[in-house]
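Taken from TrEMBL as is:
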| type | residues | note |
| --- | --- | --- |
| DOMAIN | 29-271 | domain 'Orn/DAP/Arg decarboxylase 2 N-terminal' |
| MOD_RES | Lys52 | N6-(pyridoxal phosphate)lysine |
| ACT_SITE | Cys332 | active site, proton donor |
Amino acid sequence: MRFHEGIGAGTLWSLAEEFGTPLIVYDVGTIRSRYARMKRAFGKADVHYACKANPSPPILSVLRGLGAGIDASTVNEAKLSLSLGFTRDRVMATPSYASREDLIWFLENGIAVNFDCFEQYKKVMDMGPERVSFRINPGFGSGQFRAITTGGHGSKFGMPLGDAIRAYSTAREHGACSFGLHMMLGSNNLDPEFFGAVAEAAARAALEVSARCSIAFDYIDIGGGFGVPYAEGQEPLDLERAARLANEAILSAGIPGSPGLVIEPGRYLVAEAGLLIATVTEVKVADRVYVGTDVSMNTLIRIPLYGASHPILFLYRSERDEGEFDVVGQACENTDFTARGLRMPVPSPGDLMVVGNCGAYVSSMASSYNLLPTPAEVMLDGSPRLVRRRPSLEDMVALYLQ
């Protein structure tokens, strides 16, 4: 795993000493460069950051300054975005199984909704929303893991094309006059051909809906899923090819309305900006060598949840002998493994572990299981700035009532 430019071993030791561990460090320069590359590759496409990847207000503020919009999955994500200065026309909602109250809030606050299904739209059909978009499941999907594949059979997301045609027709009859179409079929894809396939499926669906319902489209949203490598030997996504294939599929289809393209990157913009620093607390020799750290599954839930892996290296206080070992945390679960079967110099207590690609789906998925604190968070944009403190026990139990 490479360090980010300007974040060498000395910087990491200093940050760990100043702020303690566990600690997540975000490199703002990486976020800026990823966004710039995305904009260069996709040209006129409208970029809405999928803030479920990391809703940190300082990160959202950086992206707002760069011109990004927001893809919100929930009312609270949308409320946070508006509170940080995103205008309502730059926030788009793609909720799942939302209550009528939540849907009303979106509509009353002028936020465009990609309705997940006909039933969801019916909850607010009486309000006659003028802007309507539906999420279509075209029957296929792809993600790094089955659990993050969001299209195809067995996915809870979206609707078949036949249901969508009925939904668009009904929406038109109830006053809708501005239309979008949405697909999001899987997360962390490294094959550029996938994005061409999604765009082609979206274009075919838009043509069918347009022909059957006599409507034109303002936008086609192909979601996100733009991946980053987590394992050694994985080739990075050829973003430029992915963009070229997606743009060509939409532009060449002749969709009525000449819709613009919308994309929803999350992980791609922030994952590689984040490093997680932990301290080695104990080394136990039993049936195997177990290296314990102060980072546990309450922080890195992706690993036991998906079978995910992250790039890992250690910073040693002195020379160590090589060996094979597992890395574990402090949670009272036998699934609390950060890595298995690593072969490298075996660390000792006081050494540091550095975990890469922790800018996405780490802080946002962390919990206080076992009353273990989530990491403090620091942003590097010149000098380090603490942007989230490590919670105390009092913080973690503050919502309980006697």
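Glycine is no exception: its Cβ is also placed from the backbone N, Cα and C atoms.
TrEMBL entries are annotated by machine, without manual review.
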10 Å Cβ neighbour count around Lys52 (N6-(pyridoxal phosphate)lysine)? 20
I want to verify one value. Collapsing DSSP to three states, which class is the residue listed as 'active site, proton donor'? coil
Return the residues near the residue listed as 'active site, proton donor', defined as same-chain residues 6+ apart in sequence whose C-beta is under 8 angstroms from its C-beta, sorted by sequence, else 'none'. Asn370
